Amino acid sequence: MKISIALCSYNGEEFLGEQLASIARQSRLPDELIVVDDGSTDSTVTIIREFAQTAGFPVKIFTNEVTLGVTKNFEKAVLQCSSDIIVFADQDDVWLPQKLMCMELEFARDTRVGMVFSDAVVVDERKRPLGYRLWEQVRFTGGLQRRVRRGDGFRVLIKYNVVTGATMAFRSKHLDMVLPFPENWLHDGWVALIVAAVARVNLIGEPLILYRQHSRNQVGAARKTLARVARSAKLHGFQGFYTLAEEYSVVYRHLLTRAGTAAEQLQLIRGKVRHLTFRANLPRKRVNRVLPVFAELLTLRYSRFATGYKSALRDLWTQPTKVSCCPEPTWPSIEGNYSLVRRISATRLRPLLERIKASPTGSRLARGMLWSLAGTVVSRALSVLSSIIAARLLGTEGFGEFGMLQSTVGMLGMFAGFGLATTATKHVAEFRNTDPDRAGRILALSGATAVISGGGMALALYLFSPWLAGHLLAAPNLAGLLRLCSVYLFLSAVTGAQYGALAGFEAFREIAGNNFVTGLVSFAFVFAGIVIDGIRGGVWGMVASAGFSWVAAGLTLWAVAGRARIHFIWTGIWQERRVLGTYSLPSVLAGSLSGAPIGWLCCAMLVNQPGGYAQMGVYNSTNQWFNLVLFLPGLLSQVVLPVLAESIGDDGVKSGKVIKAAFMANAATTVPLVVLASLASPWIMAAYGAGFQSAWLTLVLVLVTAGVMAVQTPAVDLLATNDRVWRILLFNCVWAVMFIVLSALLVRWGALGLATARLVACLVQTCWTVGYVYCVFWRPRMRFADGRRPLPCHCEKRSGEESG
């Protein structure tokens, strides 16, 4: 195996002698040294010629009459190389004696390796170490190094430019692939990326050169500071991303004309260009960037082609120097369809997106869903994270006690809220455009009722806490904490009514912002409280976060209602009391027979069993994932309710489309999450600490239950907006009776028995609810081929008809 060194020089007399001497001291001498000088005006060429006379290997010197620049100069140098391995060399570095020997060994060890590169010690002009290495500076971490060793070099290099020419070598058989070098690329980055696209890349973890930093470096490795990064971002704005996009489009076109490039690599480069073009075209106003940046995060392109959330935050903060308008580069055609995702996108997703954009209803649903998703996904993720941390800090029994406190507050919160959230959503959406005064009275009525009902339930909890803790929860030590929870109960009831009104105004952007901020605040407060004072500290954190959420929701509602020119009208609010009887009361009764109260009763059965609080800890941990799966259907329900309410009185076509879209959206969002989380259930439960891992089957049952409940959510929304709340109450009665009876029979098996009981009850309720909606709303609107409609499922004889 022969080795050629390609060295380019230009006015390098100050440091060139040291570099040449270090090459001559190699334990494995090169087979040839190719030096191309780019028209130096100092003594550089003289130094090279003097060295050639005494070197122990051939030295070939070429001089350019016209300056070519660093990239084209290196291209000329590699064209003169005749060996198997080509090693780049800069004129101002110093090689360690073992460099060529180590690189030759790496190439000999694996014939599939097309390129090798190493680390370097960063030094100053006098070769004094600056205290860090090259890989540390370019953030080439241990994880990235392992990925390169596993053969994932191309994905790493398309994301991070971690290869420096002075530290790399490559096989000359790839010259046809890398030539010519484009002028808008530096030679090292170009060669590294092209070779990685067609061959394996390997690395040497030890430094093999002294990488000199001085005032005349063309490309250096100065240590980055926060101030340096901030100045660079402010100076270049987003325009630099378009320059990068053009550079990577050159890579794409180059590889497209070369045999041996895998389709996967081409698709990755196209994805990189699209991501860079997206960042180049971000809006000038920071607030307008939030949604597109969040959507790009969900596609994982920030993680695949940038530094993940760090790059996203930088894009939200950076202020461009001018408004960018950067078109995406045009693409040469590729024969064949290499991506199933691309085929699906072309045939399914793009037409669907165009239909959504063209439909006012679809646009409202999509806009509301995205904004709701943007704020809540963070708070839900933090909720799961905080539950894992709390479980590890408190243990199974302590986490069970903490979960029982949360369940008790949730149960009483159902009554304290008095169904006012959905009441406000439905009636504010219905009257904000047609009768603003009535909408203002309903706003005032819902607020006043929330204060009364929330205050009453909070007072009841405070007074009866000792009895509740001692007789029903079998834990007298929780009495003081239950009294503290009464404050949280009151604040949550009032806040729920406020958010219901905001949903009625379709203020999904404001709700998303509040959810994002309050999620962060709640995580910080609860985590800090548990660390400081265990369960009591966690409850204090809940109270503090509820107070923050109440203030934020109140200020937001005041601003949104003002923009809509709807004000709280306190005079005459009693004349709107009918909404409490026809909507709020059946809603709270239906709620009393749904999740929180019935779930609390079954949990009370569980904690009264031997070892019950340890099992409650397991059940509470799985419920965090239950809520995580259902949060997307819950968000969609917030969006669907006002849209359905506004469509009351039409021919049913619009509401039918909304419900169908909601069913499809729920299935698309919940089924993948349920499947993936079920497969990972042993590892998920292990994250909660000792005592949780064996309960993975409980988590699977809870996840399936959440998926079943997601299916019926749009059907319940349709019933609610058509004033069929009493029907919902009936269906919930069936669910409640089945859940309680089955829990009493299966509670001896702990959390697993409770999860099984809930799953069976939910299956029966879903079948009944969906069947009723089909018979009453869907089937009557169907038509046969001859135009006839089918008979209703529960048709009655018309008056005057004779019985047959």
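Glycine residues also receive a Cβ, built from the backbone N, Cα and C atoms like all the rest.
Residues or ranges marked as domain 'Glycosyltransferase 2-like' in TrEMBL: 4-135. Each residue in the domain 'Glycosyltransferase 2-like' (4-135) gets a DSSP state, and the totals come to 43 helix, 40 strand, 49 coil.
According to TrEMBL, the feature transmembrane segment maps to 402-421 (among others).
The transmembrane segment feature in TrEMBL is assigned to 442-469 (among others).
For 481-502 (among others), the entry in TrEMBL reads transmembrane segment. Same-chain residues lying 6+ beyond the ends of the transmembrane segment (481-502) with a Cβ under 8 Å from its Cβ atoms: 405, 408-409, 412-413, 416-418, 420-425, 428, 443, 446-447, 449-451, 453-455, 457-459, 461-462, 465, 468-469, 510-511, 514, 535-536, 539-540, 542-543, 546-547, 549-550, 553-554, 556-557, 560-561.
Residues annotated as transmembrane segment in TrEMBL: 514-532 (among others).
Cβ atoms under 8 Å from those of the transmembrane segment (538-561) belong to residues 390, 402, 405-406, 440, 443, 481, 484-485, 487-488, 491-492, 494-495, 498-499, 501-502, 505, 507, 510-511, 514, 517-518, 521-522, 525-530, 567-568 of the same chain, restricted to positions at least 6 beyond its ends. Taken from TrEMBL, the feature transmembrane segment covers 538-561 (among others).
Residues annotated as transmembrane segment in TrEMBL: 582-607 (among others).
Annotation source TrEMBL lists transmembrane segment at 627-649 (among others).
If you look up TrEMBL, you'll see 661-684 (among others) marked as transmembrane segment.
Same-chain residues lying 6 or more positions outside the transmembrane segment (696-716) and placing a CB less than 8 Å from one of its CB atoms are 618-619, 621-623, 625-626, 629-630, 632-634, 636-637, 640, 659, 662-663, 666-667, 669-671, 673-674, 677-678, 681-682, 684-685, 728, 751-752, 755-756, 758-759, 762-763, 765-766, 769-770, 772-773. As annotated by TrEMBL, transmembrane segment applies to 696-716 (among others).
According to TrEMBL, the feature transmembrane segment maps to 728-751 (among others).
Tertiary neighbourhood of the transmembrane segment (757-778): same-chain residues 599, 602, 652, 656, 701-702, 704-705, 708-709, 711-712, 715-716, 718-719, 722, 727, 731-732, 734-736, 738-739, 742-743, 745-746, 792-794, selected by CB-CB distance under 8 Å and a gap of 6+ residues from either end. The annotation transmembrane segment is assigned in TrEMBL to 757-778 (among others).
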Reported mean pLDDT - the domain 'Glycosyltransferase 2-like' (4-135): 92
